Amino acid sequence: MHSAKNRFVQAVQRLQDFRNMYDYEARLATFADWPFTENCKCTPENMAKAGFVHCPTENEPDVACCFFCLKELEGWEPDDDPWTEHSKRSASCGFLSLTKCVNDLTMEGFLRLEADRIKSFYRKFSTVVLQYVEEEMTATTKRLLEYFSNQHQCSIDLDR
């Protein structure tokens with residue numbers, strides 16, 4: 001029953017963790033164990049510049065996720081260009097459309113960018129959020145029915 005809740009909590013945690021990833025150095029630091037380090041296009045530096053964060057799993061050591069659009073890519077090859085792969089698979093990513101460094105944005109520009117990042121999160125995880133809300137509503141309804149049944153010593157038929 002709580003699988004949607006767990007996925008929702010994990011997704012929100014990722015959204016919060018990634019708010020610091022506007023900083024190139026923070027993104028780069030996630031690539032400490034990246035399998036491609038030299039003589040290739042997908043070096044840690046190039047991956048971080050393209051907005052990626054290294055999110056390895058036990059079975060997939062080369063998973064990279066854009067901190068902005070949350071697009072996850074795996075199966076990297078040495079000749080894969082991070083910018084090209086990112087734009088092919090997430091052309092509407094707000095990070096890709098930046099024309100200047102985040103530090104050079106006005107406060108208004110940065111807030112608009114952050115609002116776009118949060119919208120991307122909700123687009124990606126809206127079904128998880130909806131499932132979580134539905135599960136919580138069902139559980140709350142059940143608790144209320146049990147409470148009122150016990151208070152008034154009657155049974156309530158939900159199928160009517």
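Using N, Cα and C of the backbone, Cβ positions are placed for all residues, glycine too.
As annotated by Swiss-Prot, repeat 'BIR' applies to 27-97. Per Swiss-Prot, phosphothreonine is recorded for T43, and the stated evidence type is similarity to another entry. The annotation Zn(2+) binding site is assigned in Swiss-Prot to C66, C69, H86, C93 on the grounds of similarity to another entry.
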Per-region confidence, the repeat 'BIR' (27-97) (mean pLDDT, whole number): 94
Composition by DSSP (helix, strand, coil) of residues within the repeat 'BIR' (27-97): 17 helix, 8 strand, 46 coil
Sequence-distant neighbours of H86 (Zn(2+) binding site) in its chain (C-beta under 8 A, six or more apart): A50, G51, F52, C66, K71, L73, C93, L96
Lowest local Cβ density (other Cβ within 10 Å) among binding-site residues: C66, C69, C93: C93
Euclidean distance between Cα atoms of C69 (Zn(2+) binding site) and the residue listed as 'phosphothreonine', Å: 20
All-chain count of other Cβ atoms within 10 Å of T43 (phosphothreonine): 18
Sorted by sequence, non-C66, C69, H86, C93 residues with Cβ within 8 Å of centre, Zn(2+): G51, F68, L70, K71, S87, R89, S90, F95, L96
